[in-house]
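**Student:** Questions regarding the structure given below will be posed in turn.
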Amino acid sequence: MTQASPLPGNESTARSLLLQAHGRATPARVGVLGILLQANAALSHQEIEQTALQQGLSVDRVTLYRALDWLVEQGLAHKIAGADRTWRYNAQAGTPHQHAHFHCKQCEQVFCLENLQPTLLFALPEGYRIDEVELNLQGRCPDCAGKTNRAG
């Protein structure tokens with residue numbers, strides 16, 4: 001599980017992003033977006049909830065789900081379906097864009113691969129239009145691959 005610890009500036013960055021999206025900067029939205037901004041991998045609802053508690057943010061499950069849904073709708077976060085069918089959330093900087101995700105089969109973390117842009121290797125039949133492409137890669141992240149190499 002990825003633990004996020006408080007970092008200076010995340011609250012003000014989150015508040016600024018929320019206001020730019022013309023949304024209310026509620027404590028739940030500011031706190032949840034701040035957690036996503038400081039995480040180095042996509043987080044599950046449970047991981048966000050645990051991190052919020054560790055940081056002193058009191059938010060119930062319904063409020064957390066609503067905050068996450070709102071952040072996704074506004075393009076401030078995106079959600080990724082993990083191989084375990086658990087939604088994970090990651091902060092999204094700027095406009096939504098297509099990118100690949102990497103799921104580590106050892107530590108179960110999901111990482112956004114921003115510099116790996118998926119491209120189509122085929123042409124769709126006439127009349128079809130693609131709105132979204134999901135590219136999910138599975139394997140071992142650098143940390144887990146390094147542990148395996150050192151152990152073996």
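Glycine residues also receive a Cβ, built from the backbone N, Cα and C atoms like all the rest.
Automatic, uncurated: that is what TrEMBL annotation is.
Straight from TrEMBL, here's the annotation block:
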| type | residues | note |
| --- | --- | --- |
| BINDING | Cys104, Cys107, Cys141, Cys144 | Zn(2+) binding site |
**Student:** In the same chain, which residues outside the set Cys104, Cys107, Cys141, Cys144 have their CB within 8 A of the centroid of the CB atoms that define the Zn(2+) site?
**Tutor:** Lys105, Gln106, Glu108, Gln109, Arg140, Pro142, Asp143, Ala145
**Student:** With H, G and I counted as helix, E and B as strand and the rest as coil, say where DSSP puts Cys144 (Zn(2+) binding site).
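**Tutor:** For Cys144 (Zn(2+) binding site) - judged by DSSP and reduced to three states - the answer is helix.
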**Student:** Please classify the secondary structure at Cys107 (Zn(2+) binding site) using three-state DSSP.
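**Tutor:** Where Cys107 (Zn(2+) binding site) sits, the three-state DSSP reduction gives coil.
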**Student:** Around the Cβ of Cys104 (Zn(2+) binding site), how many other Cβ atoms lie within 10 Å? Please give the count over every shown protein chain.
**Tutor:** 20
**Student:** Among all protein chains shown, how many Cβ atoms are found within 10 Å of the Cβ of Cys141 (Zn(2+) binding site), not counting that one?
**Tutor:** 19
**Student:** Run through the Cβ atoms and count how many others sit within 10 Å of the one on Cys107 (Zn(2+) binding site).
**Tutor:** 14
**Student:** Counting every protein chain present, what is the number of Cβ atoms, excluding its own, within 10 Å of the Cβ of Cys144 (Zn(2+) binding site)?
**Tutor:** 16
